[in-house]
């Protein structure tokens, strides 16, 4: 991770040095005939116009390559750990159970640390309807701050407000304008879920989306600075009449409309507005981006920055076309994609998708689902919980469910019928408002099984390999179980086949009431019936709203059901105390549990445990 900091420092140094060198005859900020500058200023403006943007992006690319090298070395290290840990010998497991003091300090105080105390994933709310979002981690906050500092330094480097041949306003105007356009390239890359860097750099879309928002704010502010500097210079030189006249010229009004589009993108993007009407926000966002690209293209007609804008526009356009092509391929042909909707207890819905073609995905990935008859063009991301052949859940809900490994998993006749059909994907959806609420109401109102035409797009997202860890702890709350249950099946199967390093797996699931158990009953029945499952898997279910009269008991020694909330620190201490190799702790849960798991993980890291913490969340 230090590579990123080095690359940012190098970006600042190189871009500042580039900005001071002289060169040839044009300027980015406005027509030369409308302004008269000193020769030194003209040379610098020309060099900024031609070289600042490309060099800024070149250094950013170099930093990305260095990060890729770092990630590749990390993957190699995991692979070596994976190979050496797939034995019955305790030596490798004990060796990988501890880490160096430097790495422990880096993880505890930077990589896994919240900005201040313990709050990170818990959403900040002024009221039920006014949400301000979540806080970044300390590392993310420092990274964002460094990018802002680098951009400010590039805009102001080497300027003197008195006693110099260099005029500050036109130089800041040009530098801010070029940087605003240059930042659009990484901005567009980070905007798309089809971002190839997600897999190459093993950085989640949630993190890229965070950076997308901050780069967007930075680019918009730089565009505003660009306009203000031009306006001040124009008023000083020609007065407000000169401004009115300039706004009638294509070069200026194209730039002005582009700047207005940037401001609108900035103003309509806060979390509380996105939460109120996400679909309206999304389509307005796309419209404003189109306006920005079109008018900025004409504004930059004579300047090098136009080709940077073209690169950003191509990235954005290709990603939109690719996503459309993916949707068409996954949803049409051979009868199309069908969605079987089944209401479950506790306000949840199970969606069984039958795509026209096999869809290969990695554990932890998600798809975008559109059901036109329910939500028109609304596309929601949902984690893929399960795939393959299974028996439908009992809709009546009259039988109290338990995790009982002695119950039959499936009826053989049903399996034979299913095997002649197409493979299925299963999603679990908790109804809230809008699309999910409508979906639940349609399912409850249907007297028979509800089957609807659906469009799917994906799969997207990063999949974290847990194969090299001797100890794995998976935390989930509510429908967060959809992210974790696939890992459980994969690791138990890998243990039986001798293909993973895992020796201990613990699944901790926190649910509000017993009805939630029905959500995953058939899948857990299959997992509990897997070969050698008893040797490796422990399932802990905590029911937070269970009354004293509710019947809660543990079916066997490896499957425990309890009232209340888990003591996360005690659970992690117990597993870490076994020294069964490097430990992975993954959490997909609400803010309170996620922050609790993060805090406990940092405490154990500080105590010497070799822990990798993975948090899965959706920040769009």
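Backbone N, Cα and C define each Cβ position, glycine as well.
What TrEMBL says about this one:
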- 1-19: signal peptide (SIGNAL)
- 56-73: transmembrane segment (TRANSMEM)
- 141-160: transmembrane segment (TRANSMEM)
- 214-233: transmembrane segment (TRANSMEM)
- 245-268: transmembrane segment (TRANSMEM)
- 280-298: transmembrane segment (TRANSMEM)
- 304-322: transmembrane segment (TRANSMEM)
- 311-466: domain 'FAD-binding FR-type' (DOMAIN)
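The stretch from 214-233, 280-298, 304-322 that makes the most Cβ contacts under 8 Å with the transmembrane segment (245-268) is 280-298. Listed by sequence, the residues of this chain that lie at least six past the ends of the transmembrane segment (280-298) yet keep a Cβ under 8 A from its Cβ atoms are 181, 250, 254-255, 257-258, 261-262, 264-265, 268-269, 273-274, 306, 309-310, 312-313, 316. Per-residue confidence over the domain 'FAD-binding FR-type' (311-466) averages 80 (mean pLDDT, predicted model).
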